[in-house]
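*Asks:* Sharing a structure with you now.
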């Protein structure tokens, strides 16, 4: 195992040294490999952190040699002061929380993995990805990642292979986990990527039909598409189609309800954006809500969506405990990586205490204190202002701003019942999405 890790590290370093962008594409493709954990001396780390560290060090080396400096300056100048203010507050809150932790060494490790490295990678992405072509390639890398992760989940659905938990492995109660080890890991990873894949799929379709008359019969439209679409675009269209289909199946068979609701919610909001469909979508939503309320009281779908099943009751209890704790400790929260220990005296239900309160707002408040929470909310607000300007002004990265807004909406909706940030892959994905939405590239 040690020889394999050393060989992989050397190979990744050599690839990144020769081809900086390819190194980042590989990093995005292999985001789920945070599950490969080991220690360098007394310091625990993951394979994903090793790749991130190499990419960051090469970026710092290039900046020291004045390479890519113009690209970085251009992007830094394009970001308003309030974005930097929010980012600074966020990092200050995270840093203070390390010293409030029960175990400072463990907290420092999470501070590095979930806050410092992802934020540095945010600036790396802004520097390395200089035009639309680079961002398109980055999304392709994520699509291949999603296909691999989802393919394993689909295989598990029919075999139960590599599902460690006996209850999830049993055929009657099977929930696929893929590489993550727990079902919701699939939803947390795949759901925010869906808007990117669907957006790129639509872009390629529009590109192939450019110039075709709307009233042409379907056979003529299909012929126009096949003639005008290049081999590479056809291949990319197939990749995104596979990514969307396999991801939806994987999340469905993982029974990750929060992720499914988040994806459906974003699809609904996107369709409402189009005036011609707006009232149809409002009517469909009302029908759905009324249908839910008319379901029998003991219907499992109704119970799950209204938090009446065991999982829902655990979440409601956990949120109540966390709110009670934060009422007593509103400024400092629990401290980094200290939620389990500090919430213990408030815990009521006869179940295990989870690592996080399964709500993105409560999580940041508990984990980074009120300072970190305000910084996080400030980052989201700043991003929305910047992305909205990109959309209104029809800038070259308008589509990416739209993708990023949709992805963050998925994260936020899912974050009402889970914590789609506190994992190595998710924190990097979050800052990748932010970078994509605020990038100031002109071509």
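The backbone N, Cα and C atoms fix where each Cβ goes, and this holds for glycine too.
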*Asks:* Select from 138-164, 300-326 the stretch of residues annotated by TrEMBL as transmembrane segment.
*Replies:* 138-164
*Asks:* Determine which residues of the chain contact the transmembrane segment (252-274) at the Cβ level, with the cut-off under 8 Å and only residues 6 or more beyond its ends counted.
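*Replies:* Residues 153-154, 157, 174-178, 183-184, 186-188, 190-191, 194-195, 281-282, 284-285, 304-305, 406, 409-411, 413-414, 416-418.
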*Asks:* Counting Cβ pairs under 8 Å that sit 6 or more residues apart, are there three or more between the transmembrane segment (184-204) and the transmembrane segment (399-416)?
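*Replies:* Yes, these stretches are in contact.
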*Asks:* Which residues of the chain, 6 or more past the ends of the transmembrane segment (138-164), have a CB below 8 A from one of its CBs?
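*Replies:* Residues 24-26, 28-32, 125, 129, 170-171, 174-179, 181, 186, 189-190, 193, 196-197, 200, 236, 239-240, 242-243, 246-247, 249-250, 253-254, 403, 432, 436.
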